[in-house]
Amino acid sequence: MPKRTDIKSILIIGAGPIVIGQACEFDYSGTQACKALKEEGYRIILVNSNPATIMTDPDLADATYIEPITPEVVAKIIAKERPDAILPTMGGQTALNTALSLRRMGVLERYNVEMIGAKAEAIDKAEDRALFREAMKKIGLDTPGSMFANATEIKDEDRKRHEVKRAEVKAQFSGDELDKALDKLETEWQLGEVERKQRYMSHALAKAAQALDVVGLPAIIRPSFTLGGTGGGIAYNRQEFFEIIERGLDASPTTEVLIEESVLGWKEYEMEVVRDHADNCIIICSIENLDPMGVHTGDSITVAPALTLTDKEYQIMRNASIAVLREIGVETGGSNVQFAINPANGRMIVIEMNPRVSRSSALASKATGFPIAKVAAKLAVGYTLDELDNDITGGATPASFEPSIDYVVTKIPRFAFEKFPGSSPILTTAMKSVGEVMAIGRTFQESLQKALRGLETGLTGFDEIAIPNIEEGDEKNAIRAAIGTPTPDRLRMVAQAMRLGLSVEQVHDASKIDPWFLEQIESIVKTEERIREHGLPQDAENLRMLKAMGFSDARLASLTAKDAEDVAKLRADLDVHPVYKRIDTCAAEFASPTAYMYSTYETPFVGQPRSEAEVSDRKKVVILGGGPNRIGQGIEFDYCCCHAAFALGDADYEAIMVNCNPETVSTDYDTSDRLYFEPLTAEDVLEILRVEKQKGTLHGVIVQFGGQTPLKLANALEKAGIPILGTSPDAIDLAEDRDRFQKLLIKLDLNQPKNGIAYSVEQARLVAADLGFPLVVRPSYVLGGRAMQIIHDERGLQAYLLDTVPELVPEDIKAKYPNDKTGQINTLLGKNPLLFDTYLTEAIEVDVDCLCDGKDSLVAGIMEHIEEAGIHSGDSACLLPVHTLSPEIVAELERQTAALATALHVGGLMNVQFAIKDGEIFILEVNPRASRTVPFVAKTVGTPIAKVAARIMAGESLEAAFDAYGGKPQPTARPHIAVKEAVFPFARFPGVDTLLGPEMRSTGEVMGLDYDYALAFAKAQLGAGVELPREGTVFVSVRDEDKERVLGPVRKLASIGFKVMATGGTQKFLEANGVESTKINKVIEGRPHVEDAIRNRQIHLVFNTTDSASAVSDSKSIRRATLMQKLPYYTTMAGAESAAEAIAALKAGSLEVRPLQDYFRS
């Protein structure tokens, strides 16, 4: 049937900040949904707190709310906008849980809002593990043996009592009085949440103890309604069991966990299914996890299509997944069903299903070309699959055709354990990866090796790796332990085990990885041995065969002790180049006008390999993307790449995107004119450029927008004679090179902190002695502050040089100096020296984003950090416009920024980080490229500055580029205030200290927007998941130099009814200054102490600053306890002051919600 006409406006809920388990894929799905529904004529209302998303661009929805995604805030948006329908299936778990809460609160009923895409009953049935198990039983599908630990009975009683009260209120009041009375009732219900949760936890823990006797150990624990397995895990003993149960019950919004029999080692599969309301069902893609059960699917290496299923098994699984959707009641849209198969006897069980688009949906969309989110959005408003065209084939096929693929797709996750010292790198059912790479090849081997080099962790393929503990004697057991333990490096361990003589059968016994995959890896390992022995083949046929197995030039070079350039020259001499094939959803059955391509060195049985690149004769620009997400390089850079593609299209260039991240909008088939899904290595990029140069004009390549990834390729591109648009590689190098940059600053008469540079361990000690402590030290050429630390004393320096720096040494240098740690470090520092700066205590840090065309420049935004200098800018909360800086300082910052931009001949964007101490300005860092603050600035000032920058890079003047997008912004003319807050994954890494420093650890960000600073800060906190208390007790323990300053926020909180609790010295100071407070013991002073009070929920807010290393160590347990109890915790005075202002503002009146568009209406 055609689309529904009874619906006029639709509210789409986004996913909020990037967190582990919920990343860019929901910007991709949300953006597709917005575009698809807007083109059908619906009024689109969007809520998302993440400014770095394409979906929050003001031209994508009719009303864009950058507001916290909480039920209370979304209820206000519904009251204001009165949408006809709400679509909750595009924003991950966040959107689903919010929609269900709105239904439970009666908001959807009160405002007559229909839930489309998935009914509440279907969401409940899929997400509530007890209901799901019953549903599977009903249709004859097996699930793991399991029991539940929950508090369903007492929850139902509480809910019934609440519903009786609601009915009484409805009978007693009407009109506005009814709305006020219902709001009051809901507020009372919300305030009782903590007490109810504690009762539910106690009840559920008792049930868990009973379940343990039945299920036994090991047991798999899965909380209900959580994201990426949050709170879950595998318990091997009783202590672990109760620790995970408690964590899981706390993480589950419904206080429920499922305790399952162990299915560790079984094979895991996923089916991506789409269904319409006429019951047409299609399988978009089957996905197989290379890692066996026991590892979260988001942390598993996966392949598509499934490669080790027989056709009979596939058909059984296909039918089962469709039956699951029908029974759960998913009437329209995409869903993901996960299965496990016991390889010993073939028993198939259903693990779970997601009644929404998911991470796997994004992977399946990119793997097949089928736009699941777009189709799901259109199905939600009434269309059937056969009424929709397949865009990829240009409408030659309808959307009801199941995709067919004639290639292999491999996804490998990317991890960041090095950012969280003390965290365990063992993978479990709780997701820990921060990003992923996808690669496409004609064979599994080609696809796998492309994915390994696309990870950007320094791998060129199956690089050698040391097996842990192998030198301790029992070699076989060490190898078995290494391949039997799921870690990020397990696949390389498998290859290393084979090099050390283990057979496929032995590796399978230890790892439970399917023998077919192991045989493929063994074939690669044996081929490597032959290359080592015989060298590179000198004929085209045999060299092409190696390339068809996925070997990179760099890997072949390392196997034969040559340079990668030598291998590339040999290939060029023998005319061995890849061809490019199209992803067309139909295995080449129909011609595809969509230029969505991958490279392959296929060797057909007959004739020559055929290229489907079909290069155009247009003027073209190539944009290099950011590769897999990682901490320090995420969605903000993808946002810039997308805006570059849009702007170049506006300027009539052909925009060509190169990227390998399946989660992103940049790898959507309609973001750019042409898309190459390829690893971002010099070899892969130069091959694409070789093909694109064959026709038309290559105007140049943009390396400025994708973070550090494309910048690393700039020199190789320049050497190959490729024009690089915007700022020159030499200027980028000048800003990174300490000596050259220092000379520039001297020439411009600009300050920087006293600093030094060290090319060896000995020199590092001399530089430190010369500068004195405290110091900031970091390796050169890094993004996200990798291995950047504040060093307070000689002991800290020693630990940094002997413990931290060795972790940065690449495998090839380790192999060169196997038993010489100092030799390894000095070799590394010879190329990448350590940079030392005097640490400026009590300084205000400032970020400035500016645009320049080489002559003229414009400062787009000056952001004042709430945290002091010394905390990585990506982890700091910041605000725009500045809050405490004088107009004179602001003018001087603008002058210095303009001087730097002109001196560096910046073409496009530049970011400068300043520190201001006692009125004096110091330059900390200059980045002549896009920074992670670009989207935040663009949304705040109302100008798409990344689009403007792309036009400048293509050759337009600053004036002309701004004129194309409505003229230059007038930041000072806007009365609103924006606050950016970082979001951290600490809850995923038990045991890790949450104290921030110069190494970046946040995964995402949110934005708070208001006309009042305190409310903007409050919104940013709420958006980041920090629930600011309106009443209760504040705990205060601060270092001596902060005691005067803490009086202000503490007095403010005391004046609005907060009680104050403090440790000895702070408590005496507060009392002496007229602030009534209660003394409590520090942890080292004996019990009952502050940590007990936090765990007993007697404390609701924490202000804690530390000075010495011992004080930092002493307060670590307090930081962990506040994290686990989800308490707001502030470790800087600026943060404490802002929090106190925000709490007072919230208590004084309610938050108002406004669409982004309203802030820019004159």
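Backbone N, Cα and C define each Cβ position, glycine as well.
Per Swiss-Prot, these features apply:
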BINDING   ARG129, ARG222, GLY228, GLY229, GLU261, VAL263, GLU268, GLY294, VAL295, HIS296, GLN338, GLU352  ATP 1 binding site
BINDING   GLN338, GLU352  Mg(2+) 1 binding site
BINDING   GLN338, GLU352  Mn(2+) 1 binding site
BINDING   GLU352, ASN354  Mn(2+) 2 binding site
BINDING   GLU352, ASN354  Mg(2+) 2 binding site
BINDING   ARG778, THR838, LEU840, GLU845, GLY870, ILE871, HIS872, SER873, GLN913, GLU925  ATP 2 binding site
BINDING   GLN913, GLU925  Mn(2+) 3 binding site
BINDING   GLN913, GLU925  Mg(2+) 3 binding site
BINDING   GLU925, ASN927  Mn(2+) 4 binding site
BINDING   GLU925, ASN927  Mg(2+) 4 binding site
DOMAIN    186-381  domain 'ATP-grasp 1'
DOMAIN    742-954  domain 'ATP-grasp 2'
REGION    1-456  region 'Carboxyphosphate synthetic domain'
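The structure, with features from Swiss-Prot marked on it.
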residue: GLY228; record: ATP 1 binding site; contacts (Cβ under 8 Å, 6+ apart): ILE20, GLY21, GLN22, HIS296, GLY298, ALA430, MET431
residue: GLU261; record: ATP 1 binding site; contacts (Cβ under 8 Å, 6+ apart): PRO144, GLY145, SER146, VAL215, GLY216, ALA219, ILE220
residue: VAL295; record: ATP 1 binding site; contacts (Cβ under 8 Å, 6+ apart): ASN289, LEU427, THR428, THR429, PRO486
residue: GLN338; record: ATP 1 binding site; contacts (Cβ under 8 Å, 6+ apart): GLU268, TYR269, GLU270, THR297, VAL350, ILE351, GLU352, MET353
residue: LEU840; record: ATP 2 binding site; contacts (Cβ under 8 Å, 6+ apart): PRO753, ALA869, GLY870, ALA915, LYS917, PHE922
residue: ASN927; record: Mn(2+) 4 binding site; contacts (Cβ under 8 Å, 6+ apart): ALA735, MET910, ASN911, VAL912
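Of ASN354, ARG778, HIS872, GLN913, GLU925, all annotated as binding-site residues, the residue with the shortest Cα distance to ARG129 (ATP 1 binding site) is ASN354. Here the C-alpha separation of ARG778 (ATP 2 binding site) and GLU925 (Mn(2+) 3 binding site) works out to 12 Å. In this structure, of the binding-site residues ARG129, ARG778, HIS872, the smallest number of CB atoms within 10 A of the CB marks ARG778. When averaged over the domain 'ATP-grasp 2' (742-954), pLDDT in the model lands at 89. Each residue contributes its Cα atom, and for HIS872 (ATP 2 binding site) and GLU925 (Mn(2+) 3 binding site) those atoms are 12 Å apart. Largest Cα-to-Cα span within the ATP 2-binding set ARG778, THR838, LEU840, GLU845, GLY870, ILE871, HIS872, SER873, GLN913, GLU925: 18 Å. Other Cβ atoms within 10 Å of the Cβ of GLU352 (Mg(2+) 1 binding site), summed over all protein chains shown, number 18. The record assigns ARG129, ARG222, GLY228, GLY229, GLU261, VAL263, GLU268, GLY294, VAL295, HIS296, GLN338, GLU352 to the ATP 1 site; their largest pairwise CA distance measures 20 Å. When the alpha carbons of GLU925 (Mn(2+) 3 binding site) and GLN913 (ATP 2 binding site) are compared, the span between them is 5 angstrom.
GLN913 (ATP 2 binding site) and ASN354 (Mn(2+) 2 binding site) are 43 Å apart (CA-CA, integer value). In three-state terms derived from DSSP, ARG129 (ATP 1 binding site) belongs to a helical segment. With the fewest other C-beta atoms within 10 Å around its C-beta, GLN913 stands out among the binding-site residues ASN354, GLN913.
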